[in-house]
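Asks: This is the feature table in TrEMBL:
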BINDING   Thr102, Ser103, Phe130, Pro131, Thr132, Asp133, Thr173, Asp202, His205, Tyr227, Trp257, Thr283  pyridoxal 5'-phosphate binding site
MOD_RES   Lys228  N6-(pyridoxal phosphate)lysine
Amino acid sequence: MPALSDLWTERAEAADHADRLRPLRALFHLPEGMTYLDGNSLGCLTYGARARLRDVVDREWGTGLIASWNQAGWVDLPARVGARIARLVGAEEGALVACDSTSVNLFKVLASALALRPGRRVIVSERSNFPTDLYMAEGLANLLNQGHELRLADHADDIPALVTDETAVLMLTQVNYRTGALHDMASLSRLAHERGALALWDLAHSAGALPVDLAGDGADFAIGCGYKYLNGGPGAPAFLYVAPCHQAAARQPLSGWFGHAAPFAFETGYQPASGVTRFLTGTPSVLALSALDAALDAFDGVDMAALREKSVALTRFFIAAVEALCAGHGLQLVTPREPARRGSQVSFTHPAAYALCQALIEEGVVGDFRAPDILRFGFAPLYNSFADALNAATTIAELLASKRYEDERFQRRNTVT
Ligand SMILES: *Cc1c(COP(=O)(O)O)cnc(C)c1O
């Protein structure tokens with residue numbers, strides 16, 4: 001009788017063999033000996049992005065200098081990169097730009113949304129939302145000084161009851177960063193609209209991980225991250241979306257010259273540009289936008305439904321392998337078991353999650369730890385394989401069985417976890 005691990009190896013090989021997206025893995029620089037399951041925190045480098053950065057530095061910047069704003073199209077990068085992301089998240093033409101950070105973009109779109117609902121003072125979100133989203137909302141409410149308040153749901157099921165005729169904005173992250181739970185964007189946007197509120201979606205863990213239909217699902221505003229599943233590099237520019245129906249009325253508070261109707265007329269007063277362009281602020285980071293632009297080449301021609309199919313298969317395989325190989329060692333799945341209710345990550349709780357995560361990293365299996373006790377594994381469908389998933393599961397099993405993670409050196413905390 002073959003050993004349990006042989007059966008899992010055969011299954012992983014068969015699944016990798018059948019994977020139609022498998023050739024895309026070759027576009028990425030994947031460090032030798034590493035199983036990288038942290039693309040939901042920082043996506044991998046593509047060879048294309050590396051080559052593009054070299055070219056931008058040496059030719060466009062080094063030789064072209066100021067002329068490159070026009071000749072290399074630097075000035076159009078926010079719109080051009082935005083249009084490529086738009087395809088991945090179902091945005092209408094001219095409704096999405098790449099700029100600034102997710103936090104800053106949240107500030108801009110939330111301020112616009114609140115101004116569109118002047119009689120209302122409540123922002124509804126979730127206590128488990130990524131903290132920066134809540135911090136930015138809190139800071140904006142303080143700045144406005146008009147009595148805006150955040151009301152936070154403790155569970156997703158509690159959201160509907162919190163959305164009332166006092167609610168200005170329902171602000172949610174589509175995929176929860178800790179558990180990977182996926183919200184139904186269409187039904188929650190509809191709920192917000194039925195009660196006269198606007199729907200603002202954070203796509204940090206959705207963009208590039210699963211198909212999103214901003215236009216079809218009725219999102220009013222959205223923001224998202226460039227360095228996670230879009231692989232734009234550390235601190236890559238983020239993006240923001242404004243539904244076409246709001247673009248003429250929406251005003252944003254960071255009214256810099258790049259959002260002006262005529263930036264190079266150098267007028268004294270501010271006149272917003274038409275469309276989503278008015279949501280730009282200052283000079284874009286050309287190196288960073290160029291890297292993101294090149295990284296997006298990996299998505300060219302990729303059918304987002306096929307991407308989702310692979311993502312679901314990978315996470316399902318990983319859950320099954322961990323539960324079969326690590327049974328009885330205290331791991332608890334916190335990601336929804338039903339594929340339609342999860343994004344592209346799998347999280348488990350364990351009392352020694354931090355030490356386990358450190359021990360895994362030493363073994364070359366890179367996931368991450370999220371306080372207080374979560375072990376998180378992201379599956380980037382463009383480059384992760386079923387062999388990656390199995391290697392992670394068998395390494396976790398080995399560490400749990402040997403208890404090697406209890407070693408003192410795995411307890412020390414780093415700044416970035
Ligand atoms: C990753 C993430 C962010 C990151 O914000 P930055 O401004 O890039 O630091 C924001 N919101 C959510 C939900 C995230 O997952």
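Note: Cβ is positioned from N, Cα and C throughout, glycine not excepted.
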Asks: Among Thr102, Ser103, Phe130, Pro131, Thr132, Asp133, Thr173, Asp202, His205, Tyr227, Trp257, Thr283, the annotated pyridoxal 5'-phosphate contacts, find the widest CA pair distance and round it to a whole Å.
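Replies: Max span of the pyridoxal 5'-phosphate binding residues, Cα based, is 30 Å.
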Asks: What are the sequence-distant neighbours of Thr102 (pyridoxal 5'-phosphate binding site), meaning same chain, six or more residues apart, C-beta distance under 8 angstroms?
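Replies: Non-local contacts for Thr102 (pyridoxal 5'-phosphate binding site): Thr132, Asp202, Ala204, Ile223, Gly224, Cys225, Ala238.
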Asks: For His205 (pyridoxal 5'-phosphate binding site), name the DSSP secondary structure in the helix/strand/coil scheme.
Replies: coil
Asks: For His205 (pyridoxal 5'-phosphate binding site), which residues of its chain lie six or more apart in sequence with Cβ-Cβ distance below 8 Å?
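Replies: Residues satisfying the criterion: Asn40, Thr173, Gln174, Val175, Asn176, Tyr177, Gly180, Cys225, Lys228, Tyr229, Gly343, Ser344, Gln345.
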Asks: Based on a Cβ-to-ligand 1 distance below 6 Å, what subset of the binding-site residues Phe130, Thr132, Thr173, Trp257 would you report?
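Replies: Phe130, Thr132, Thr173, in sequence order.
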Asks: Radius 10 Å, atoms counted are CB only; among the binding-site residues Phe130, Trp257, which position scores highest?
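Replies: Its Cβ has the most other Cβ atoms within 10 Å: Phe130.
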Asks: What does DSSP say about the residue listed as 'N6-(pyridoxal phosphate)lysine': helix, strand or coil?
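Replies: Assignment for the residue listed as 'N6-(pyridoxal phosphate)lysine' reads coil.
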Asks: Around Lys228 (N6-(pyridoxal phosphate)lysine), how many other C-beta atoms are within 10 angstroms of its C-beta?
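Replies: Summing over all protein chains shown, Lys228 (N6-(pyridoxal phosphate)lysine) has 28 other Cβ atoms within 10 Å.
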Asks: For the binding-site residues listed here (Thr132, Thr173), which one has the lowest count of neighbouring CB atoms within 10 Å of its own CB?
Replies: Thr132
